[in-house]
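In what follows, a structure is listed as structure tokens, so that the remarks can point back to it.
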Amino acid sequence: MSVPTTQKAVIFETNGGKLEYKDIPVPKPKANELLINVKYSGVCHTDLHAWKGDWPLATKLPLVGGHEGAGVVVALGENVKGWKVGDYAGVKWLNGSCLNCEYCQSGAEPNCAEADLSGYTHDGSFQQYATADAVQAARIPAGTDLANVAPILCAGVTVYKALKTAELEAGQWVAISGAAGGLGSLAVQYAKAMGYRVLAIDGGEDKGEFVKSLGAETFIDFTKEKDVVEAVKKATNGGPHGVINVSVSERAIGQSTEYVRTLGKVVLVGLPAGAKISTPVFDAVIKTIQIKGSYVGNRKDTAEAVDFFTRGLIKCPIKIVGLSELPEVYKLMEEGKILGRYVLDNDK
């Protein structure tokens, strides 16, 4: 398969600096890597943080962001096995890990101290050709709609892992805070597919209609409710058994520790810059609640999340725009005006 020497990409030289849509060299895969012709790439809040540089983890510079890339393998490093040119593959957040530490050996590769992160420490999917470690690259079944599967590679895997972390049983209530966004809209669907009752929390009537169309049983509009905590408790007859916090609101996270049911689990996913969680110790002990962080999933979680999608149980509410329009997508993201997930067509 013919591979060009240059490609279109969006790159920045400094954190918060100009996002340049321009020609850059096509990378050459290392011995353990795939070269993937990225057809589509989802846009995640993490990409916005990587550009701004407002997380306590330094990015490489200059940097090509993006970590939800779906495409076709066009070249293989000499040590790669189990892949062939023409396979569908995904660039996900975890680009590679050491595979030798205690975390990698126990299936917690995302927690590896030497983890290489797409669109953060490794040039990501906001380019037409990207490299990915052959062990960690996502396997996508042939014939899959690449535009629609792209958000599954991070957003889908992330919320699916969070729901597993909540350790709920079928028929129990789960509250999803930030339910209409890119992560939340997928969390609602995965929760429904896993047999849970879904209470969605977000702001605006249009968002209520949207999340109910995805499977939410109840919607709480935080812009209209005077007491969100009591409203959630009332709607779920005592509070949800689990909460998935994909919201980037520190206040919403705090409220979740108040309305979660006794013996319930609060799972933290969204990463508001500089945020802290605060809850009365007395209440946490008496209610015996658990507060858990949930990062991205491992290879098994990825395969399972993709399987839900390929079986038609998850629909990605996406809007496709050109790669060159990434700065406008970031602006909408900062203004909180995004329903579902924006996906970039890397050929535009």
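Quick reminder: no glycine exception, Cβ is built from N, Cα and C everywhere.
Per Swiss-Prot, the Zn(2+) 1 site holds Cys44, Cys154; the candidate it also names there, chosen from His67, His122, is His67. Note on proximity: of the binding-site residues Cys44, His67, Cys98, Cys112, the one nearest Lys207 (NAD(+) binding site) is Cys44, by Cα distance. Within 10 Å of its Cβ, the residue among the binding-site residues Cys98, Cys154, Ala180 with the fewest other Cβ atoms is Cys98. Comparing C-alpha positions, His67 (Zn(2+) 1 binding site) sits nearest to Arg341 among the binding-site residues Cys112, Gly178, Ala180, Arg341. For the recorded site, Cys98 (Zn(2+) 2 binding site), the DSSP three-state label reads coil. The two recorded residues, Arg341 (NAD(+) binding site) and Cys154 (Zn(2+) 1 binding site), show a Cα separation of 11 Å.
DSSP gives Arg341 (NAD(+) binding site) a strand state.
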